[in-house]
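Record features, source TrEMBL:
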BINDING   D29, D76  Mg(2+) 2 binding site
BINDING   D29, G30, C31, H32, F33, H34, S75, D76  GTP binding site
BINDING   D29, G30, D76  Mg(2+) 1 binding site
DOMAIN    6-135  domain 'tRNAHis guanylyltransferase catalytic'
DOMAIN    139-244  domain 'Thg1 C-terminal'
Amino acid sequence: MANSKYEYVKKFEVEDKLPPCNWVILRIDGCHFHRFSAVHDFEKPNDVNALMLMNSCAVAMLEHFPDIAFDYGVSDEYSFIWKETSQFYQRRASKILSLGVSFFTSMYVIKWRDFFPHKELKEPPYFDARIVCYPRAKIVRDYLSWRQVDCHINNQYNTCFWKLVQSGKSEKEAQELLKGTLAKDKNEMLFTQFGINYDKLPAMFKKGSCVYKDHVEETVKIDEAGNPVKRRRQMVVVDHIDIIGNKFWKDHPNILKED
Ligand SMILES: Nc1nc2c(ncn2[C@@H]2O[C@H](COP(=O)(O)OP(=O)(O)OP(=O)(O)O)[C@@H](O)[C@H]2O)c(=O)[nH]1
Ligand SMILES: [Mg+2]
């Protein structure tokens, strides 16, 4: 109803437009996933299906929201980098945050069966979310490096911790044994006590997961002479590579390209 006496209530709404020309990072994180992973009996420290489910939801995000340039995920968290030029909902923070996190959560529920066909979803998964803006691609790269370093540190600790527990130590004893240890001590412990070469563990566990669009060459047909006819196509890819340093960004200059 236009111009009713109640219209004044709209004046209480606050303006929440994000600053222009900034990259927008939406990071979501599973709420109480320590319990959620125990209730659903996830493998420790890394459950491949749980991680692949997260990745699949991140692919759906990239496909659904055209302004997302890059996703990075580890454990129960995912970061979505929105292009600096995005005008999605006039850059309103509440819209980007709420639409992003609710879409991801719905996908998680819808796709659960694809990754856990024999496990009932016993609790509603839900995620918290925050938004941070960065004015330079360099800071976005540093942000992503920060998350990837975190992934490595946590994974190394968790791998040692669960190996110690599986070998008969209590959780408290494992914690005590790992207190104050450096990265090289943990690698040494894994190798000498458990015969594990940390470097050989799956890249998804050590480096997390990246989701982005890339040009991929595919064979469309074989011509009369028997030669493959190739076509370059843009595809959403998921991989587990180093995004610390410049190499990845030099190889993919368009992902975080500034206008
Ligand atoms: N077993 C197992 N647990 C996982 C896996 N991925 C995530 N988790 C659990 O999820 C937690 C994620 O860390 P946090 O986000 O700090 O913990 P949280 O319980 O979700 O706490 P809040 O985010 O503060 O609600 C880890 O500590 C693990 O307990 C997995 O692949 N396997
Ligand atoms: Mg969490």
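Including glycine, each Cβ sits where the backbone N, Cα and C put it.
Note that this is a predicted model, so its numbers are computed, not measured.
Here the features listed in TrEMBL are placed on the structure.
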{"residue": "D29", "record": "Mg(2+) 2 binding site", "DSSP (3 states)": "strand"}
{"residue": "H34", "record": "GTP binding site", "DSSP (3 states)": "helix"}
{"residue": "S75", "record": "GTP binding site", "DSSP (3 states)": "coil"}
The domain 'Thg1 C-terminal' (139-244), counted residue by residue under DSSP: helix, strand, coil: 56 helix, 26 strand, 24 coil
Cβ neighbour count (within 10 Å, all chains shown) around F33 (GTP binding site): 19
Listed binding-site residues with Cβ under 6 Å from ligand 2, out of G30, F33, S75: G30, F33
D76 (Mg(2+) 2 binding site) versus C31 (GTP binding site) - Cα distance in angstrom: 8
Euclidean distance between Cα atoms of D76 (Mg(2+) 2 binding site) and G30 (GTP binding site), Å: 5
Shell of the Mg(2+) 1 site beyond D29, G30, D76, same chain only (C-beta within 8 angstroms of their C-beta centre): I28, C31, F33, S75, E77, F127, D128
